[in-house]
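Pulled from Swiss-Prot:
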ACT_SITE  SER102  active site, phosphoserine intermediate
BINDING   SER102, ASP241, ASP243, ASP245  Mg(2+) binding site
MOD_RES   SER102  phosphoserine
Amino acid sequence: MSNRKYFGTDGIRGRVGDAPITPDFVLKLGWAAGKVLARHGSRKIIIGKDTRISGYMLESALEAGLAAAGLSALFTGPMPTPAVAYLTRTFRAEAGIVISASHNPFYDNGIKFFSIDGTKLPDAVEEAIEAEMEKEISCVDSAELGKASRIVDAAGRYIEFCKATFPNELSLSELKIVVDCANGATYHIAPNVLRELGANVIAIGCEPNGVNINAEVGATDVRALQARVLAEKADLGIAFDGDGDRVIMVDHEGNKVDGDQIMYIIAREGLRQGQLRGGAVGTLMSNMGLELALKQLGIPFERAKVGDRYVLEKMQEKGWRIGAENSGHVILLDKTTTGDGIVAGLQVLAAMARNHMSLHDLCSGMKMFPQILVNVRYTAGSGDPLEHESVKAVTAEVEAALGSRGRVLLRKSGTEPLIRVMVEGEDEAQVTEFAHRIADAVKAV
């Protein structure tokens, strides 16, 4: 990725009230985006958001900027990120904009864009928007100003889209499911999708108040879901993150099922049904157990850089239709254009219903290697800790000790000043010790 001033790996993100997530910046961003994107004739932009309290302020600022550039805004209200991608396509809009910081706490927020075809904006377009932001705002003539309106049936449209990805001949009537919506954008979508497909649904994390998004609930913290699945004796649990582009599951025994395992289940089922084309794309963080399990099935596997945009790029490069991150981003190009937690979860449920198998049994063909991840915060602008000789030396020692039976991955977060230290191998105690040894070296820099 080229050096850009504002856009990171997943749009623009930060703490609300601090640059760049301020009303004046977002207004100018809306204007600059309008200038760059107003080229296809519809002059409409879809704007969706998650349930953060700051979404009201930021959508108003975006709308003002777009209107000044002559584009009209169509508001969806709280809506999952993949729903905005879908609605952008179906409305033939110039673009879709999502106001969300995904799995981050409520005091963060962000802006990300979708192209007219429902895919994330290419780097070149983001760079063009940044270049436009260096100019002074100019307002179009009064008669050409944009308008604002709401899509009153946005939720219903997306619910029907999700249900259409589930086979007509199957039902969820035999399943008791706990669904955790992270007090986020899926709160009024996912429970209804599952109920309408016949499931007995117990909903948690479905009472957003503007400040409780991702707070001890959702895909990034499944403890509440695990406890509820066990207490209710449910068949499984499904957790989404704040904006609904991630899914993590829990089996009837309370075991966490991550994005690697979800992709394994979907890929294997696609192979069984004769629908899998090509291979599967993971990331540098994908578990070695996934790679080995797919190879045993004869399914090619390749790793992309971390980030769902890079998974998608690799999928397009290979002509493959399935990719995922272990964090729960699952991209199924035969179904949609971006990571969609609800759609991915439905494909796992279809495999359960079709084969009359539990989630636990569907995972049994894949042995997960212990994988320890330690996040180390560093001071932005103080140099690259990964280039320090002491960090390189400790990393080399660990890699030599693991040999071919494990891996080490050090990388910077694309959205926060964090170094992510990942060590993977056969022995959990050993990889834990190795991960903390490297993390200590990073902290000491």
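Glycine residues also receive a Cβ, built from the backbone N, Cα and C atoms like all the rest.
Overlay of Swiss-Prot feature records on the structure.
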{"residue": "SER102", "record": "active site, phosphoserine intermediate", "CB count, 10 Å": "30"}
{"residue": "ASP241", "record": "Mg(2+) binding site", "CB count, 10 Å": "33"}
{"residue": "ASP243", "record": "Mg(2+) binding site", "CB count, 10 Å": "35"}
{"residue": "ASP245", "record": "Mg(2+) binding site", "CB count, 10 Å": "32"}
Rounded inter-Cα distance in Å - ASP243 (Mg(2+) binding site), SER102 (active site, phosphoserine intermediate): 5
Residues flanking the Mg(2+) site, with Cβ no more than 8 Å from the Cβ centroid of SER102, ASP241, ASP243, ASP245 and excluding those residues themselves: ASP50, PRO80, THR81, SER100, HIS103, GLY184, ALA185, ALA219, PHE240, GLY242, GLY244, ARG246, GLY341
Spatial separation of SER102 (active site, phosphoserine intermediate) from ASP245 (Mg(2+) binding site) - C-alpha basis, Å: 8
Integer Å distance between the CA atoms belonging to the residue listed as 'active site, phosphoserine intermediate' and ASP241 (Mg(2+) binding site): 7
